[in-house]
Amino acid sequence: MVWLCMAVFFVQPIQFGIWLSNVAEIKIGLALSNSDLALGLLGMPIGLLPSLYFASHVVDRIGPRHTLLWLFPLMLIAGVLPGFATGVGSLFMALFVLGALIAFTEVALNVFAARVEKTLGTSIMNRAHGFWSLGVMAGSFIGVQMAGLGFTVAESLQWGGLLLLPLLMVVAYILPRITPKQETTENAQAKPPLPKALLPIVAIVFGATIVEGAMIDWSTVYMRDVAEIIAGKEGWAVTIFAGFVTAGRFIGDAVNNRYGAMLLARMCIGSAILGLVILTLNLGPDASFLGFAFVGLGVSTIFPLGISASAALGDEGEARNVSVMTFGALSGFLVGPPMIGFVAEATSLNVAFALLLPTLALSFILAKHLLRMR
């Protein structure tokens, strides 16, 4: 059961990783300014965030397994569209459609992992998201290699989607059916209000994911325009960042089980702050890679900790709690990149990255509200 969970978390974001490694190429190919790229990137959050509301109802009704079986093919088809963008408008629309479909798979994945945690009585969320990050890293590595072989962005995304489709469908099909505890008739008719404890959890995760989203979408642009690395090497920034996110998540469950969520979160957030300071100072390509590594390690465990904490608030409205937390997390993850673009256009990427430091400071302060599932 656990390894099937890890497998589906790994495979789902590979095509997305291919896209991320090509953001700088899209910027150059379409002759976009930082603000133009920011407008195009806005399509994903505008498509994704409203869809989370419907996704929670769909997952509640048909379960995470069936949701994934229906949505994986549509997500892969939509994942090809950004490669055919001809300008800001078409890039926005392509990412809008992709974001709307990703919302359903994200909620389904996290609800499934939360149910596995409750069934087994142990933490697996960090490991699950570690495999998700490993999938992003694998996708970005594949994207860099395909670009080196002369594949266009569109060709890379098409081949990625074509090869991933049978794999995703097989993994989703063999996922076990795990149902939550049965609700009483009274509870089924009237859901309780959102737990107050959910709000600080959302705030903590938002502060980390706004940084994570900014790093993923702007790392290649930073390496090319600010660090001035040799052309063709900038894609390694995504791979390094995702690699350290992955490493942090793989060790996160063990640290959480031994020392607790608050200490784990604060150690990680401290690492992210250090990495951002390095990037803000622009100390050269090698130091910049190190900065992305520190930030990757720093943001690695915060989203998984938030998922576990929100799901642990109760079985009633489980998918709704996870959906609300995911809404807050992905708001940061997806709104961060366009915000960075607009600020960078007016100032510089260094200044834009520096403006992320207060959000991490807030997450550090609020970390005491993170709960460890028992």
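If you go along the chain as it appears here, the first residue is 1 and each next one adds 1.
Each residue, glycine too, has its Cβ placed from N, Cα and C.
Under the heading transmembrane segment, TrEMBL lists 37-55, 67-85, 91-109, 130-151, 157-176, 197-216, 236-252, 264-283, 289-312, 324-344, 350-371.
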Can you find at least 3 Cβ pairs under 8 Å between the transmembrane segment (264-283) and the transmembrane segment (197-216), where each pair is 6 or more residues apart in sequence?
-> yes
Would you kindly check 37-55, 157-176, 236-252, 289-312 and say which stretch has the most C-beta pairs under 8 angstroms to the transmembrane segment (350-371)?
-> 289-312
Note: vs the transmembrane segment (130-151), the recorded stretch with the largest number of Cβ pairs under 8 Å from 91-109, 157-176, 197-216, 236-252, 289-312 is 236-252
So which of 37-55, 91-109, 197-216, 236-252, 324-344 has the most C-beta pairs under 8 Å when paired with the transmembrane segment (289-312)?
-> 236-252
